[in-house]
Amino acid sequence: MDLETGSNKNHVKKESWRTVLTLAYQSLGIVYGDLSTSPLYVFNSTFAEDINHSETNEEIYGVLSFVFWTLTLVPLVKYVFIVLRADDNGEGGTFALYSLLCRHARVSSLPNNQLADEELSSYKTEISNSPDPDKFVSRVKSTLEKHRVLQRILLILALIGACMVIGDGILTPAISVFSAVSGVEQLAMHKEHHKYVEVPLACIILIGLFALQHYGTHRVGFLFAPVVIIWLLTISAIGLYNVLHWNPHVYRALSPYYMYNFLKKTQKKGWMSLGGILLCITGSEAMFADLGHFSQLSIKIAFTTFVYPSLILAYMGQAAYLSQHHVTAHDYDVGFYVSVPEKIRLPVLVIAILAAVVGSQAIITGTFSIINQCSSLGCFPKVKVVHTSTSIHGQIYIPEINWILMTLCLAVTIGFRDTRRLGNASGLAVITVMLVTTCLMSVVMVLCWHQSIFRAICFVLFFGTIESLYFTASLVKFLEGAWVPIALALIFMIVMYVWHFGTLQKYEFDLQNKVSVDWLLSLGPSLGIVRVRGIGLIHTELVSGIPAIFSHFVTNLPAFHQVLVFLCVKSVPVPHVEQEERFLLGHVGPREYRMYRCIVRYGYRDVHKDDMEFEKDLFCSIAEFIRSGKSDTNRDVHSGNDNEKMMVVGRPSTSAQGIQMWEDNFNDCEIVGTSEQNDIHSPVVNKSKKRVRFVVPESPKIDRGSQDELQELMEARESGVAYILGHSYMKAKPGSSFMKKLAINYGYEFLRRNSRASTHALSVPHASTLEVGMGYYV
């Protein structure tokens, strides 16, 4: 028996390691595609204009030393050993850090937070290394919660990081593909007009890349890892050959002394050339941003054992070749392909183009993901999100964003037409995201990990100083290409902030103008409210109270359905919400009024699928809520308290013990019990074409009142569902500031008219939709 147990344990251990190694293999194609193509343009961007590599090789050794220590300190030490530990339930990225801070302190910009959200299983996940936070941590937390300015700074930091990731999604495909096709110049060195081939070829590849996005990466994803593996093996083999053949002593350049000597000799020009050296860590942020698709251990294994050594060998080989072939700064032979033996340049060119496409594909998919997260958190207009894979989480496609990215990518490729200016632009975007991560990480270390302020300051000073050095070197190239990511980030930042500001203003208006349940109940005798057959589904952003849009509707049309459901679909600051915790339900008013509130909670990485199962799950959840009998039927409904008692109901379709709903084309409707004659038939209506039945589990038994309530819910469902949606427009109040009028009257309203409706993912049928127009003066 003991031997069998031990065998099983070993089997489990082997299976787990097999899974880790499989994930490590897959991560090579998704995570490291961008980082692995950086040798194509680092040396070319560094030696493009600012410095020349003279016969003494000091500049070449200095650049290699900077590349080696930059790769070692930033991707290896910072990301692999520190930042990857700050995951949010397995998810990474800028918004994961912001989400952690929102859960450990009340700094969230989302106004619809509830205490029930804190009971989510993923909400409670702690990553602190100290069980008892000290007084300093408490002071930091209280300071952040009291000062709205600090909360806005955290939000703006997260938005800046998101905007720069979007900018990187435009610039990285341009520089990767353009650098890859630059090998055509080497192959056609003696042919005329070879300079005019690169730009059209790069544009054709980019158009094809973006045009194929709607198919999804899962269809060709199995090719990604082999392409990157072949590419890394190729550049490392070429690098090893160049080291052994041209300069076996180039390893001496790994000493930090050469960095000091490089800056001492080149001074200002050397400092300005750091913007090119910075490109060696392009794509490092993907290790953290794509953490949700893999695991910490798999990403660490892939980088430390394969990616890192291959990149170091590649850069050493380029430096070894250049140390024996001194050329001028304006010579095109400073690029990657000149160090490739002439006989194999053609196959290397093909592999490089494929690797550039893979790296570009990864950053484009990451851009879709970050925009989807921003939209979920109310920081970006609603867009159409297409899930291209039913099995692979996170594989999405956003048509509008895809064509905008393609247009901008082609524009910068045609406008710049050289890797130097493209490198200046891409470098600034990359280093800005890293600076944002460093700043947010320091707060996470204090607030979430309960580390001492001394460690957090050391972290910021050490890595912040390194990144600030590169940031300033990139910023001085403002007129030489670095203005592009700043302009792009500014545009996207304005869009995000205006949308977020308008969303908050709209929610606050709804909150201030909501009506109490007492008002709704008092309308019956005064206005002659008529209850018609069917279900009225009122979409609202409020988590409590009656929305003003519904009171506006009832006042002008004094009738509503026999069953009312106030539906609120909201995002919570966690990456995923379990299906068993998705629905939060409660009664609005007394039980006999048949009015319910349903709050559907999604994480910022959850899939909002456009399917008809949502409606079925919604009504099954209401039926499960009725069957539970946990609602407070004796509550004083005239107390004016809008904080209804809510109950978490799991998604019934995922549980065999929950209520199941069946629909078919018959003329009657019934409740079916599994243990006894519990059948209650609704009156047969000959005109009805649909039969609805709830299959109730054997235990626990339900009382007569719950049976009657289920009976009425079935009758209403059989009669049909009407979706009552608000179609509102916003205007700034007279006397508002000029900036507020500009943001609301023009900015927000323009974005609202050109974005998707908030109910787009609910599959609302047009024939059953009733839109209620209302003006909001904020």
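The first residue you see is number 1, and the count goes up from there.
Just so it is clear, glycine is given a Cβ too, placed from its N, Cα and C backbone atoms.
All TrEMBL annotations are machine predictions without curation.
Lifted from TrEMBL, the feature list:
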DOMAIN    23-521  domain 'K+ potassium transporter integral membrane'
TRANSMEM  60-81  transmembrane segment
TRANSMEM  153-176  transmembrane segment
TRANSMEM  222-244  transmembrane segment
TRANSMEM  270-289  transmembrane segment
TRANSMEM  301-324  transmembrane segment
TRANSMEM  344-371  transmembrane segment
TRANSMEM  392-416  transmembrane segment
TRANSMEM  428-449  transmembrane segment
TRANSMEM  456-476  transmembrane segment
TRANSMEM  482-499  transmembrane segment
DOMAIN    534-776  domain 'K+ potassium transporter C-terminal'
Highest-contact recorded stretch vs the transmembrane segment (270-289), from 60-81, 153-176, 344-371, 392-416, CB pairs under 8 Å: 60-81
Surrounding residues of the transmembrane segment (301-324) on its own chain - C-beta under 8 Å, 6+ positions past either end: 20-21, 24-25, 27-28, 31-32, 35-36, 38-39, 42-43, 53, 57, 60-61, 63-64, 67-68, 71, 75-76, 80, 229, 232-233, 235-236, 238-243, 245-248, 250-251, 253, 280, 287, 334, 336, 338-339
Contact set, same chain, for the transmembrane segment (482-499): CB under 8 Å, 6 or more residues outside the stretch: 156, 159-160, 162-164, 166-168, 170-171, 275, 374, 378-381, 408, 412, 424-429, 432, 474-476, 743, 747-748, 751
Chain residues in Cβ proximity to the transmembrane segment (456-476) (below 8 Å; excluding those fewer than six residues from its ends, i.e. six or more beyond): 70, 73-74, 78, 82, 271-275, 277-278, 424, 427-428, 431-432, 434-435, 438-439, 441-443, 445-446, 482
Contact call for the transmembrane segment (392-416) against the transmembrane segment (344-371), three or more Cβ pairs under 8 Å: yes
